[in-house]
Amino acid sequence: FYHPQQACKGLYNLLPLGTRTRHCADDPLRLGRDAQACTYSLADPRVSRKQLAINAYRTPHSTNLLFSIQNLSQRGRLSVNGSSLNYLERMDLPDKALIRFGEYEMLIIRESGEAKASFEVDLEVLPVPPSRETCTVMPGRAPVMDTGLMNKSTAGLGEESPQETDETLICYS
């Protein structure tokens, strides 16, 4: 998990960080604000009661568990490796997936191995955004320094472009 304000807020107080927990493969793993309805809860009022669900499944003639993710939030979008999911939409998770919702980023890595009826989850807080570590940029969003100053370089077309285009190093502490 990563959130830009994770150092000053107790966002992860309800998560079993650094501990491997075993889950039954036929029960969806839910993440959200509601500790009663979700397997894992975030202490953040901006997170939906039920934000997302991860479901395990198996294909015929395979011993590997695969996973899909579903957006359970009516008000927020969820993205998986840059592909957006609206309410109740689901998609298969690749072996390594960058999940984004609100200001949160989650990096999910599926380890290979045979699983029968359960799987294990190990939750950690990351010191830097996984999107920066994996060099994943949201499609259509070019990294540009935000100065708040715009100039009309495309005269008459009504488009604005950034006045400054030099790169800036952003440090997270």
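Glycine is treated like the rest: Cβ placed from N, Cα and C.
Nobody curates TrEMBL annotations by hand; they come from automatic prediction.
According to TrEMBL, the domain 'FHA' annotation covers 29-90. Feature annotation from TrEMBL assigns region 'Disordered' to 153-173.
Residues of the domain 'FHA' (29-90) grouped by DSSP class, helix first, strand second and coil last, total 0 helix, 25 strand, 37 coil. Mean model confidence for the domain 'FHA' (29-90) is a pLDDT of 93.
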